[in-house]
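Colleague: Can you read through this structure? Questions will come right after.
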Ligand code: ADP
């Protein structure tokens, strides 16, 4: 029997999301999440979808789960109850989402002690994310030492950005000393979606230039030339770029000095303000696009302003990346907002006819989980909606690495 299953783990600061996939047919056997780890009200939701456990149905467990180790052990127990536990001989690998790979990790990487130490050393670059990723790896290794563990990095797809794009225009010695450069994030999504868009257009990925707009809670844009990332909107951290649910995106760095000098805020307070209390939330008090749209439709001025700022930033990036790429074949929307918010897509593309963009309003209004074109045939630049699938991409990369 060939081992063809991959368990994908996405460990966040207080949550673990997971999926078990069978790469023989790219099907999903189970998915679930543990949330509010470390609180009294932890919750585990496990959903077997196919294979031996499917009969058992969706299960929910409430009650305190102290830490990531306990969370992953609980996940392992749920999988074992379905007959798809970590001891299963059909399991080929565990694929770990790791947020920051620095400049060292530009490819998926089998994890050994040295790699784990290196991921740990990158914690200062991603203090909110890499610690949980490291814990996830440690626990998974302790549960099944002989199983290949593969790290798939959010930054890797963007490592092809040319040096003059990745560099900030600051003192070079200081930048080098502190590893300050633009890394980019959401890379597995940008990789998956740019490839899927080429397939949708019926062309080899090498022949297609796309602008990918990943619009979820976090949001980022990328310019991808022939399958290779040449520019992305997130930088040293996931704070730069588009207006997001709770993050400001681009701003004058002097805002930080001003808040410290005039406002008397500490570095941590400014960090929290820009990462957690800004974006849509900062502008109108809501970070969920559904709620912002509902309020804006009802004429709420703050929600309308937030939506307008969000869309304006998108337009700026579409324009900028058109200039970066020179020729654009498609602008593609993905993630929670990009896949579902037809009005945001319409507003972002409106008025960009000179750039070759146009929208088929009827096609754009259709709700669907499938990749699709939402532009008229005459449009020089296609507009597409392509659902992202970061778990499938992580599993694909991990499986390719352990079976090559
Ligand atoms: P994450 O970045 O956490 O993976 P998602 O890609 O799932 O997030 O996106 C979540 C966001 O998508 C929500 O906060 C919400 O704003 C938005 N969203 C989801 N469904 C809709 C919808 N039908 N209309 C507008 N926005 C939506």
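We count from 1, first residue shown onward.
Glycine residues also receive a Cβ, built from the backbone N, Cα and C atoms like all the rest.
Feature list, courtesy of TrEMBL:
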- 10, 390: Mg(2+) binding site (BINDING)
- 17, 214, 215, 216, 217, 218, 288, 289, 290, 336, 337, 338, 339, 340: ATP binding site (BINDING)
- 97: substrate binding site (BINDING)
- 154: active site, proton donor/acceptor (ACT_SITE)
- 186: site 'Transition state stabilizer' (SITE)
- 247: site 'Transition state stabilizer' (SITE)
Colleague: Which residue among the recorded positions 154, 339 has the fewest other Cβ atoms within 10 Å of its Cβ, if you could check?
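Modeller: Ranked by other Cβ atoms within 10 Å, the recorded positions 154, 339 bottom out at 339.
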Colleague: Return only the integer: C-alpha distance in Å from residue 390 (Mg(2+) binding site) to residue 186 (site 'Transition state stabilizer').
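Modeller: The Cα atom of residue 390 (Mg(2+) binding site) is 9 Å away from the Cα atom of residue 186 (site 'Transition state stabilizer').
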Colleague: Across all the protein chains here, work out how many other Cβ atoms are within 10 Å of the Cβ of residue 97 (substrate binding site).
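Modeller: If we count other Cβ atoms within 10 Å of residue 97 (substrate binding site), we arrive at 22.
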Colleague: For residue 154 (active site, proton donor/acceptor), what is the secondary structure by DSSP, using just helix, strand and coil?
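Modeller: Where residue 154 (active site, proton donor/acceptor) sits, the three-state DSSP reduction gives coil.
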Colleague: How many other Cβ atoms are found within 10 Å of the Cβ atom of residue 215 (ATP binding site), counting all protein chains shown?
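Modeller: By my count, 27.
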Colleague: Across all protein chains in the structure, which of the recorded positions 17, 186, 247, 290 has the highest Cβ count within 10 Å?
Modeller: 186
Colleague: Using C-alpha positions only, work out which of the recorded positions 154, 186, 247 is nearest to residue 217 (ATP binding site).
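Modeller: It is 247, whose Cα lies nearest.
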Colleague: Specify the nearest of the binding-site residues 97, 288, 337, 339 to residue 154 (active site, proton donor/acceptor), where nearness means the distance between Cα atoms.
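Modeller: Considering only the listed binding-site residues, the nearest one is 97.
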